[in-house]
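Colleague: Once you've had a glance at the structure underneath, I'll fire off some questions.
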């Protein structure tokens, strides 16, 4: 039963992705109000719009001051505010606010005697709003305040995306939560890459990081020395099968859909159609050229697969609302992750970084916490030798997480001692050092930075390492040296 329920949630999520036209029509019908104001607003007599919570709040918010009239009224309410809150508070509110799912009168008296269990009225705008807020609060409650790091748990990527899609305004304005999520995701991927190569991280996990990084204002193309988008694109191009989730992540990152991508996606949809729905013979293949000719960030409503004939979205939403638990969740994090965007009529195609002014993630702090994280620690010596005769020597002894790459150790050392700051070039996606302590390689004189491992201070007891520091994982108590000296070919 749980598998079936998860499938329904995923399917509804997908239907909203490919059929924004029908979803928007349903939303307009549910949230229809006295235009030009929306469901969450009150329409002043001069047609200004204010927040509905500002009605009778003791301040003049409408320019014609009509929001503070009829707030403690003995007579009959006027036509434009025809419902009177009963008993002691005699505020007049618009009649359409009666039984809309939002409590506007004290003690929610405008939401009483509404026969909410009637199947024809259960899908109220206020119910969707309440359900969404309750699910958001449950998701936020997953944060463990007692933990110094990893407060959001292992599924932090889904949490970030769900909170963004369910309430973009709240998510973007709450920089504390957003920055903490970004911080933990950065730390999580750094930890993964300290133990594994980027090739060992699955494409779907990379796609999850790309989507989550975008909403938390981390540039997935510049995650330290790794371009996650380029890596994902390389994998998509190298296979005959395209996971739609991966393709959506590429779209959100600004990649364009190619003709080959389109053919792969259509092939995937045709194969999937036999498992989830019946494809109508009238499926319009003319939609393919439009996908080829425009960026993915510009979704175009497209009627496909006869979903309007075979999928009752309103009925599905009712079933989902009835399935919500008392704690606000929909059973678990995965279900809640699927439902939250649906309640706000959003999907993965609505992911963007438009709210990001600058990169907010503090990579230095994330790196320090990587070094301070709980777990086995190894002692690593890192030395700088400058000059053929080692005119200048410096050595740091660092306690770092086990199995971390030497490149991460170098970054940590650079934050501990500015003399260890370095610059690098990227070749084949790997960093190669050309300057340390502001001492840059000198090609004309043959002076170059070389990486060695040594077991003593003797120059004869060194072994050169030909790899990028990102590919070197020191062992416990190992001593590594960057030596600035003449290359062998100059001698």
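Keep in mind that glycine also has a Cβ here, set from the backbone N, Cα and C atoms.
The model shown is predicted, which means the values in this text are computed figures rather than measured ones.
The following feature annotations were taken from TrEMBL:
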{"type": "DISULFID", "residues": "37-49", "note": "disulfide bond"}
{"type": "DISULFID", "residues": "44-62", "note": "disulfide bond"}
{"type": "DISULFID", "residues": "56-71", "note": "disulfide bond"}
{"type": "DISULFID", "residues": "99-114", "note": "disulfide bond"}
{"type": "SIGNAL", "residues": "1-23", "note": "signal peptide"}
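Any idea what these are sitting next to in the structure?
Modeller: Cβ neighbours within 10 Å of residue 37 (disulfide bond), excluding its own Cβ and spanning all shown chains: 17.
Spatially close to residue 44 (disulfide bond) yet at least six residues away along the chain are 50, 62, 63, 64, 66, 67, judged by Cβ distances under 8 angstroms.
Under 8 Å, Cβ to Cβ, and six or more positions away along its own chain, residue 56 (disulfide bond) finds 67, 68, 71, 91. In the three-state DSSP reading, residue 56 (disulfide bond) counts as coil.
According to DSSP, residue 99 (disulfide bond) is assigned to coil rather than to any helix or strand.
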Colleague: In whole Å, how far is residue 37 (disulfide bond) from residue 114 (disulfide bond) when you measure between their Cα atoms?
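Modeller: That separation, Cα to Cα, works out to 24 Å.
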Colleague: Name the secondary structure element type, per DSSP in three states, that contains residue 37 (disulfide bond).
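Modeller: In three-state terms, residue 37 (disulfide bond) counts as coil.
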Colleague: Have a look at the disulfide-bonded residues (62, 114) and report the one with the fewest Cβ neighbours inside 10 Å.
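Modeller: Each of the disulfide-bonded residues 62, 114 was scored; lowest Cβ tally within 10 Å is 114.
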